[in-house]
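Notes follow once the structure below has been shown.
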Amino acid sequence: MLLLSLALTLISAPASDTCDTKDVCIGSPGIPGTPGSHGLPGRDGRDGVKGDPGPPGPMGPPGGMPGLPGRDGLIGAPGVPGERGDKGEPGERGPPGLPAYLDEELQATLHELRHHALQSIGVLSLQGSMKAVGEKIFSTNGQSVNFDAIREVCARAGGRIAVPRSLEENEAIASIVKERNTYAYLGLAEGPTAGDFYYLDGDPVNYTNWYPGEPRGQGREKCVEMYTDGKWNDKNCLQYRLVICEF
């Protein structure tokens, strides 16, 4: 209604503008026209900034058939050894072996060992460092040390300090002492009673060859030495004497 009144007022109003034929007359603005129809859609705009990742979706259905097994991996480091298991039951008794005299391989081995042993004894005997009496062998390395050191040397070699238990053994040891021209300790030691001597294993002495008047150390000389003539004398154990071992 307001627009209609305004239009009538403009129509009834006298024209105040005059213009010549040569001039362009400019009138008052007209009534606004009706809106036009929509234009064509515009072009797509530029991509926007990348958004944050969305939440994980639900688990999908299982896939197809399982694939083939992969190749074996490298062998790992050895594990810690386990605890020792219980001892097993004894096995069945085996068949009896051949008698030694029928075992050709054993006989050949024994023959070879015997041959090498005889060779060694022969060589050392020529050097004057070994004497064999019965089942015993007496040997020296030519060194002179105290009694305890001799025991250790002989033990390391698998023997013990030489000690005669018969006249024949005494003569064998005496021959080494004479050749080396050095007294030697024997495998004897004085017991609790002065003048009573025993073998080192504790057994009483069953053979002696004391020098006249010996022993006379009265408990102060606990060891026994052999002279170059084979006679015995009690002596303190700290002197240096020839190493002679028996095997």
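Cβ from N, Cα, C; glycine included.
Cys154 is paired in Swiss-Prot with Cys245, the candidate among Cys25, Cys237, Cys245 named as its disulfide partner. Listed in sequence order, Phe138, Ser139, Thr140, Ile150, Val153, Cys154, Ala157, Gly159, Arg160, Ile161, Ala162 are the same-chain residues at least 6 apart in sequence whose CB falls under 8 Å from the CB of Cys245 (disulfide bond). Take the mean position of the Cβ atoms of Glu214, Arg216, Asn233, Asp234, the recorded Ca(2+) site; other residues of that chain with a Cβ within 8 Å of it are Trp210, Tyr211, Gly213, Pro215, Gly217, Glu221, Val224, Trp232, Lys235.
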